[in-house]
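What TrEMBL says about this protein:
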| type | residues | note |
| --- | --- | --- |
| BINDING | Arg23, Gln24, Ala25, Gly26, Arg27, Asp73, Tyr147, Ser202, His318 | substrate binding site |
| DOMAIN | 18-27 | domain 'Uroporphyrinogen decarboxylase (URO-D)' |
| DOMAIN | 135-151 | domain 'Uroporphyrinogen decarboxylase (URO-D)' |
| SITE | Asp73 | site 'Transition state stabilizer' |
Amino acid sequence: MPGLLLDTLNGKRGTSVPLWLMRQAGRYLPEYRALREERGGFLAMAYDSEAACEITLQPIDRFGFDGAILFSDILIVPHAIGQHLEFLAGEGPKLSPRLVDVALDALTRDPSRYEPIYETVRLCRQRLPETVTMLGFAGSPWTVATYMVAGEGSRDQHEARALSYRDPAKLDAILQRIVTETIEYLSGQIEAGAEAVQLFDSWAGSLAPDEFERLVIAPNAAIVAALRERHPATPVIGFPKGAGEKLPAYARETGVQAVGVDETLDPNWVARELPAGMPVQGNFDPLLLLAGSDRLESRARDVLEAFADRPHVFNLGHGIDRRTPIGHVERLIATVRGFKG
Ligand code: CP3
């Protein structure tokens, strides 16, 4: 029994809509905060398969979501490529050496970093109810490259964007390397039990149109093609956050089976512009979930109605904010579960 989420990603549309939330395993949950107090840092927990599996299952146990997303981070890939990685309290991730300063071949690969992540997937798949879909993920090459190049996060990804114009061959080599790693990493997750995988392009929105084609569409298409060949039955969800008017081109040209949509797009426009029958995931505003105003229910129903004519996975337009009250999440779930499309 594959379950409602996997069926939907495979193109089926019924009356019930499956639901999961990006970052559903995280700090808005008191049980996550308690485990983190006890275990220490984020990265140590991501590499501790037992702890990571427990965290992955927390939102399933509490809310009964249709999908369980692996508890991990997009920066595992740079770590395995050979950058030093730490999360500094209040400052975010730091990667060194930064690729603005050194060439790729200054880094020594350590694929053993992937092993505990695969083990987390195996443990979760064993422990999850059969109808709950186990979701793997990776960051998309452009988004991951922005951190590898700058060594940290930034508001506008200027280091990587400038490198793309100053030394395109260097950035292309970095992207190519991330493509190769990501194919291996996602294949490993699928072999360990992930039933669908999501490519997160959190910074797809910062690019000029010709750059979008080269830095977002082409590398994601290469990953999807390789995964399709190795694991033809496993759906890939592409989430190009901030893609805006470029979303339809992304959906057509990358080969992804399903497309994630952020909250800035009108779902009625998305429903008109995407290929008929293509599964869509999204796109409820995480800030409306945080605020919990009386528009929460009506807006959720607007999203459900807009996508009623195609396979739809209900989700947020980006990760759940860590200050979100549990009661607001319960209201959202009740609205989605109560909808018959
Ligand atoms: O839905 C998912 O859980 C998807 C997986 C995912 C996570 N982070 C899990 C996570 C994805 C796609 C990310 C993206 C990510 N992670 C980015 C890109 C920008 C974005 O927001 O999309 C960046 C810069 C990171 C690095 C990162 N990870 C930071 C700065 C932190 C917070 C530091 C800390 O000490 O907690 C994380 C932690 C993190 N990543 C959590 C999860 C579920 C833990 C808890 C939480 O923040 O609620």
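Cβ from N, Cα, C; glycine included.
Note: TrEMBL annotation is automatic and uncurated.
From a predicted model like this one, the values you see are computed outputs, not experimental measurements.
Overlay of TrEMBL annotations on the structure.
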residue : record                             : DSSP (3 states)
Arg23   : substrate binding site             : coil
Asp73   : site 'Transition state stabilizer' : coil
Tyr147  : substrate binding site             : helix
His318  : substrate binding site             : coil
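Annotation for the binding-site residues Arg23, Arg27, His318: lowest Cβ count within 10 Å of the residue's own Cβ, Arg27.
Note on Tyr147 (substrate binding site): other Cβ atoms within 10 Å of its Cβ, all shown chains, come to 29. Highlighted here are the binding-site residues (Arg23, Arg27, His318) whose C-beta falls below 6 Å from ligand 1: Arg23, Arg27, in sequence order.
For Ala25 (substrate binding site), the Cβ neighbour count at a 10 Å cut-off comes to 24, with all displayed protein chains included. In the structure as shown, the Cβ atom of Asp73 (site 'Transition state stabilizer') sits within 10 Å of 18 other Cβ atoms. Mean pLDDT for the domain 'Uroporphyrinogen decarboxylase (URO-D)' (18-27) in the predicted structure: 98. Among the residues Arg23, Gln24, Ala25, Gly26, Arg27, Asp73, Tyr147, Ser202, His318 said to bind substrate, no two Cα atoms are farther apart than 23 Å. Cα of Arg23 (substrate binding site) to Cα of Asp73 (site 'Transition state stabilizer'): a distance of 10 Å. A straight line from the CA of Asp73 (site 'Transition state stabilizer') to the CA of Ala25 (substrate binding site) spans 11 Å.
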